[in-house]
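Q: Got these off TrEMBL a minute ago, pasting:
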- Lys129: active site, charge relay system (ACT_SITE)
- Ser204: active site, charge relay system (ACT_SITE)
- Ser228: active site, acyl-ester intermediate (ACT_SITE)
- 67-504: domain 'Amidase' (DOMAIN)
- 12-29: transmembrane segment (TRANSMEM)
Amino acid sequence: MALTRFERYLGRFLRAVVWMLFAAFNLFAPQQRHGVSRLPPITNPLLLLSAMQLARKIRRKEVMSVEVVQAYIDRIQEVNPLINAMVKDRFSAALQEAAQVDKLIEEEMGGEEVLEDRLPLLGVPITVKEAFALQGMPNSTGLLTRRDLVSGVDAPSVALLKRAGAIPLGVTNCSELCMWLESHNRLYGITNNPYDFERIAGGSSGGEGSILGAGASVIGVGSDIGGSIRIPCFFNGIFGHKPSTGIVSNDGQYPPASGLQMGFLCTGPMCRYAEDLIPMLSIMGGPNANKLGLSAEVDLKKLRFFSVPHNGGSHLVSPVDAQLLQAQKTVVRRLEADLGVKVQELFIPQLKYSFQIWGTMMASPGKDGKVGFFLMSEGGKKVWPVWELFKWFLGFSSHTLAAIGLALVELFQSSHPSPFILQQKESLQQELEELLGTDGVLLYPSHPQIAPKHHHPVFTPFNFSYTGIFNILGLPVTQCPLGLSEEGLPLGVQIVTGKLQDRLSLATALYLEKAFGGWREPGKSGHKTII
């Protein structure tokens, strides 16, 4: 559907205003300074193996779990001062647990097959978003009033991974109350992108994305209510999966979802290698994972593929970067050449209202009536967003500008949803479910921009709607890296399928990893773009 003349002029005007704000911000914003411009290269070959490869080597006694855990500890200590991704470690406990794993393997009489069936991740290190409960670790979600809170239990998804033999190394940074797409808070500071320290790692699972992208973790746990797994995975050049609604438990994370939001929030895996996605999802989903048929073989040649290059031109959202458009076209050509399929390009007009749909559906308060500005008051004095904004300008606020801004939006948001927007949501839901069915795969941009510079998303706050719309629709989505841009920053694409058809997007991600190289080590010379 073509834009009207008014919409075109409005879009140009808003973009001009944004760039003027950018210019003003850059004049006054404090600049980060780093002694080095890139991450040190990976020298230990253990850091270049998938979790499944590591688990196999550990079971076969080809390498000790202690060696693997120590290799990742060394890498974290090497890169974390540059990226600020891990906010609390448990290195001593992890090494002790690794030693116990090595002892167990030495004494195991049932053989490798028994261990693989019972403990598929035995001895493999893992990192966890700080918003999840991990026993003995903080669970503040970047809120100063929760700084002394220590988890006494594990979140169910974390417990299942530990029960499968994974060894947590620590917890990683997130945005304040998981309310923003940049991982920044007053408690832990700001997380940097491993490909460019002046750029964001995404959010709210940005610490997890950054540490994985830096080669300092191999698998991790994230959560996603508007793109909080997929945006960090995109910006940091790794794989991630937002599962079908209701497969993985969302319990044990803060802030807890309630009301309609419980159907939008998803917990899922983040990793550097596509082959780790299915095993992680199988473990994290517990018995619910059986609904997905993840062990069934997928013949990509028998699937129907679709490509949607943009959301139709919403004036609230930035235009899709030309390099991302080209990358998606390259994927289409490769699919058609390798698989003999015909990828149909579509324009879906309802996607133009993605942000309005997300905002409308998220606006209803939780079952206990709590929204962002009440959660900001947790454990302290009541927070009033307008007063907090005034304090922020004076430098006295204990909250980030993004969190204050979102609290203001919630405070003044209408409780009466637009019938037009609700109709657009229902129409989009029906159209996509009919389009995808049980054998459809949709390619869609992960974000209109390649990883932006620190704080810049404040001026383009609606760009996350490229991911957020699929939370509202309840569709599974796999985020897949597609090489690097001209600036050396990750490119990527979302792979969307019908409900409970997660295995189709996961199989497509495996194919694209082989076709385009998957994760690329940051700072390593010789990387080329796919375009």
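The backbone N, Cα and C atoms fix where each Cβ goes, and this holds for glycine too.
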Q: Given a separation of at least six residues and a C-beta threshold under 8 Å, show me what packs close to Lys129 (active site, charge relay system) in the same chain.
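A: Counting only residues 6 or more apart in sequence, the Cβ neighbours of Lys129 (active site, charge relay system) under 8 Å are Val171, Thr172, Cys174, Ser204, Ser205, Gly207, Glu208, Gly220, Val221, Gly222, Ser223, Gln253.
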Q: If I restrict to non-local contacts, at least six residues apart, and a C-beta distance under 8 angstroms, what lies near the residue listed as 'active site, acyl-ester intermediate' in its own chain?
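A: Non-local contacts for the residue listed as 'active site, acyl-ester intermediate': Cys178, Leu181, Gly203, Ser204, Ser205, Gly222.
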Q: Mind giving me a neighbour count for Ser204 (active site, charge relay system)? Other Cβ atoms within 10 Å of its Cβ, every protein chain shown.
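A: Summing over all protein chains shown, Ser204 (active site, charge relay system) has 34 other Cβ atoms within 10 Å.
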